[in-house]
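S.K.: Grabbed the feature section from TrEMBL, which reads as follows:
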- 47-299: domain 'G-protein coupled receptors family 1 profile' (DOMAIN)
- 31-57: transmembrane segment (TRANSMEM)
- 69-92: transmembrane segment (TRANSMEM)
- 104-126: transmembrane segment (TRANSMEM)
- 146-168: transmembrane segment (TRANSMEM)
- 202-227: transmembrane segment (TRANSMEM)
- 247-267: transmembrane segment (TRANSMEM)
- 279-301: transmembrane segment (TRANSMEM)
Amino acid sequence: MDPALLNLNQTLSGPGPFVLLGVPGLEGLHAWLSVPVCLLYLASLVGNTLLLGLVAVDKTLRAPMYQLLGLLAAADLVLATSTVPKALAVLWGLSDEISFRGCLAQLFVAHVAFIAESSVLLAMAVDRYVAICQPLRYGALLSQRVVGIVAVAAVTRGACVMAPPVVLLQRLPYCGHRVLPHTYCEHMGVARLACGDTRPNIWYGLATTLLSPALDLGLIGASYALILRAVCRLPSPGARHKTLGTCGAHAGVIVLFYTPALFSFLAHRFGHHTVPGHIHILLANLYVVVPPALNPVVYGVRTKQITQRLRHLLQRVRKVGDDSQAMPHTLSV
């Protein structure tokens, strides 16, 4: 077949299915590596579903702070579910192939969820700033309508940021390169398989990182600087401690979310020849499974009202279970 026609056919239909290798260099440990990944994924499913359901159903958790927490739980569920099941299939040796379009869909959804979660964390930082520094205007500035706007804006922002890279990846020729040393599809990992010019992908990836998560992190840092300035002006140590306590859970989630993601980004773009491949892959798996698993735990421990509502829910479930066990004895009597 004419090479020009072959390239045109590949551009229209995409290359053949990619083969995911898992963690290069640690193939013998795939089964062991799958254990913590699976447990953390199950924890993220249970914790975030419980938290999302609690915020949606419980009328006492209708404040913007808790509604934003529900958005965070939803983003965590999408981020983990878009990547971890396929990663587990690769680690367990069940399925290591993924179609080109499936690969693009996976990386699009995962990256949109990541950017949306970063946007929600920024909104939560603004929520804390208004609650502490502008308490009299809190009700006017933050409402359920504003939370709805934040949700739509976060998803729209992520989709707009990730649409161009998907188009760029579709236009690249791959020359039969199908082996992807990863557990799931990631933008630059797929771009490196191409035999064409990937500089637009590299520069766009750098720009989006600086203009989305890095920008969000800078704005979050600025909001916390203003919060700390306001807290230092409070008259008593008790008031300062109580005010900072309301930010503890959010600060912990920020550290959990951004630290592994930034390490993974820096290793992928600036330490490609110095950081071992298996370290990068492990970091990439870390930031899609650890924050979703631990975020509900952090907020459950640090937020008094959520802890109380969870205890109340568990007591009701236990009471229903006890009643169901006692019913057969009542009927027999």
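Any Cβ shown, glycine's included, is placed from N, Cα and C.
Note that TrEMBL annotation is computational and uncurated.
What does the local environment look like for each feature on the list?
M.R.: Residues 23, 66-67, 69-70, 73-74, 76-77, 80-81, 84-85, 87-88, 91-92, 282, 285, 289-290, 292-293, 295-297, 299-300, 306, 309-310, 313 of the same chain, all 6+ positions outside the transmembrane segment (31-57), place their C-beta atoms under 8 angstroms from a C-beta of that stretch.
Packing against the transmembrane segment (69-92) from elsewhere in the chain are residues 20-23, 30-31, 33-34, 37-38, 41, 44-45, 48-49, 51-52, 55-56, 98, 106, 109-110, 113-114, 116-117, 120-121, 123-124, 147, 150-151, 154, 183-184, 253, 285, 288-289, 291-293, 295-296, 299, 303, 306: each is 6 or more residues past its ends and has a CB under 8 Å from a CB in it.
A Cβ distance under 8 Å defines the sequence-distant neighbours of the transmembrane segment (146-168), meaning residues of its chain 6+ beyond its ends; these are 64, 67-68, 71, 75, 104, 107-108, 111-117, 119-120, 123, 187, 191, 200-201, 204-205, 208, 211-212.
Listed as Cβ neighbours of the transmembrane segment (279-301) (distance under 8 Å, sequence separation of 6 or more from its ends, same chain) are residues 22-24, 33, 37, 40-41, 43-44, 47-48, 50-51, 69, 72-73, 76-77, 79-80, 83-84, 87, 110, 181-184, 186, 249, 252-253, 256-257, 260-261, 263-264, 267-268, 271, 307, 310.
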S.K.: So which residues does the transmembrane segment (247-267) touch in its own chain, when a touch means Cβ under 8 Å and the partner is 6 or more beyond its ends?
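M.R.: For the transmembrane segment (247-267), the list is 72, 114, 117-118, 121, 124-125, 128, 132, 209, 213, 217, 220, 224, 227, 275, 279-280, 283-284, 286-287, 290-291, 294-295, 298-299, 301-303.
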S.K.: Looking at the domain 'G-protein coupled receptors family 1 profile' (47-299) alone, can you tell me the average pLDDT?
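M.R.: Value for the domain 'G-protein coupled receptors family 1 profile' (47-299), mean pLDDT as a whole number: 86.
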